[in-house]
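One structure is given here, and the rest of the page talks about it.
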Amino acid sequence: MRKLVLENGAVFKGKALGSDQAGQGEVVFNTSMTGYQEILTDPSYRDQIICMTYPLIGNYGINRDDFENIIPHCAGMIVKKAAVHPSHFRRERTLNEWLNHHNIPGIQGIDTRKLTRMIRTGGTMRGVLSDSTESVEEARLRAAAVHSGDQVRNVSASQQYWYPGRGRHRIVLIDYGAKKGIISHLLKQEFEVISVPWNTTAEDVLSLSPDGVMLSNGPGDPQDIPEAVQQVRKLAEVLPVFGICLGHQLLALAFGADTEKMTFGHRGGNHPVRHLESGRVAITSQNHSYTVREASLAGTGLNVSHVNVNDGSIEGLIHESLPLFSVQYHPEAAPGPTESAVLFDQFKALVHEQTGGTIHA
Ligand SMILES: NC(=O)CC[C@H](N)C(=O)O
């Protein structure tokens with residue numbers, strides 16, 4: 001028997017999934033029906049235990065192509081039922097085999113609806129996964145003591161990577177825990193991409209002669225990395241910038257706005273977002289716990305471009321005079337609906353406009 005114990009004392013008894021090692025982290029839920037491979041390898045889930053609300057996970061196995069990072073960074077996985085015999089022509093391993101291979105613990109067979117409702121009302125909670133015979137109170141105390149920090153430092157690559165691309169314009173991607181999908185979309189726009197570690201100084205970024213800067217997604221609280229915020233501000237004054245998720249939050253902080261933690265965040269592939277100027281709604285892929293505080297935007301030069309249709313939270317920002325924009329959701333859609341990929345076209349157009357170039361088809 002394996003159990004999940006939350007910091008509020010709730011106990012969920014189920015069966016083992018993945019590694020036998022004890023797991024601990026912040027328990028979050030994701031409403032995507034598919035895309036578990038991309039979700040498990042998204043570095044933004046660092047130190048989090050992911051509960052999938054869809055009841056059958058793993059039915060098409062794990063393949064060699066759909067990774068968002070070389071290794072998974074999440075702390076655990078919770079499913080109602082993990083498929084034992086996945087069926088897909090690209091499948092190479094089962095979910096259970098792959099979790100074992102990467103030493104990630106999980107639990108299956110618990111009431112994931114009950115857990116999700118508990119998080120929706122009580123907020124994101126810390127929890128532990130264990131096989132041990134420790135008492136519930138001991139496990140609860142362990143859960144309440146879970147502390148995460150240094151998440152970006154732990155997931156960002158420690159060196160530069162160069163992706164030649166086919167275009168004339170060079171983008172420096174600041175890697176706070178970047179998903180492969182972002183790099184693929186930049187290359188599709190024919191940008192040359194240089195990804196740099198999260199703590200690269202603005203001066204070192206500028207020495208690479210970029211035509212624009214992409215601020216990636218990443219784990220944790222954006223306020224944990226004030227040194228990165230300072231560098232973003234310097235870059236935003238001189239170059240076109242596009243920020244995604246953590247990158248969006250860092251851009252807001254760089255201009256003096258504030259961020260706060262949401263009760264349970266947004267995670268899934270079906271979040272409706274309204275573009276205020278056109279009134280058009282896009283269905284988006286999301287994975288975040290923090291949000292930009294609307295009241296804090298006054299006087300920053302940043303305006304709200306997109307809002308979440310469900311709860312009205314800020315989903316996009318645009319600067320009133322500088323060539324900068326950002327979104328809280330995931331236009332790279334890995335996994336998720338691809339309709340927001342147009343934002344990468346808009347970034348290309350912005351970079352070309354700023355550099356005086358023309359777009360080559
Ligand atoms: N996907 C992301 O970049 C997440 C951003 C941030 N860690 C949050 O949870 O809000």
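Glycine is treated like the rest: Cβ placed from N, Cα and C.
Heads up, TrEMBL stuff is auto-annotated, nobody curated it.
According to TrEMBL, the feature active site, nucleophile maps to CYS245. Annotation note: CYS245 (active site, nucleophile) sits in a coil segment as assigned by DSSP.
The active site annotation in TrEMBL covers HIS330 (among others). In sequence order, LYS179, GLY181, ASN217, ILE244, CYS245, THR284, SER285, GLN286, ASN287, GLY336, SER340 are the residues near HIS330 (active site), counting only same-chain partners six or more apart with C-beta under 8 A. Classification of HIS330 (active site) by DSSP places it in coil, neither helical nor stranded.
Under the heading active site, TrEMBL lists GLU332 (among others). Taking Cβ-Cβ distances under 8 Å and a sequence gap of 6 or more within the same chain, the neighbours of GLU332 (active site) are LYS179, GLY181, ILE182, SER184, HIS185, ILE244, ALA341, PHE344.
According to TrEMBL, the L-glutamine binding site annotation covers SER44, GLY218, GLY220, LEU246, GLN249, ASN287, TYR290. Within 10 Å of the C-beta of ASN287 (L-glutamine binding site) we count 28 further C-beta atoms, all protein chains included.
As annotated by TrEMBL, domain 'Carbamoyl-phosphate synthase small subunit N-terminal' applies to 1-130. For the domain 'Carbamoyl-phosphate synthase small subunit N-terminal' (1-130), the number of residues in each DSSP class (helix H, G, I; strand E, B; coil) is 26 helix, 47 strand, 57 coil.
Taken from TrEMBL, the feature region 'CPSase' applies to 1-169. When averaged over the region 'CPSase' (1-169), pLDDT in the model lands at 96.
For SER44 (L-glutamine binding site), other Cβ atoms within 10 Å of its Cβ number 29. Annotation note: TYR290 (L-glutamine binding site) sits in a strand segment as assigned by DSSP. Residue annotation for L-glutamine gives SER44, GLY218, GLY220, LEU246, GLN249, ASN287, TYR290. The furthest Cα pair among them is separated by 13 Å. Secondary structure at GLY220 (L-glutamine binding site), as computed by DSSP, is coil. Neighbour list (LEU246 (L-glutamine binding site), Cβ cut-off 8 Å, at least 6 residues apart, same chain): SER44, VAL152, TYR176, GLY177, LEU215, SER216, ASN217, GLY218, PRO219, GLY220, PRO222, HIS288.
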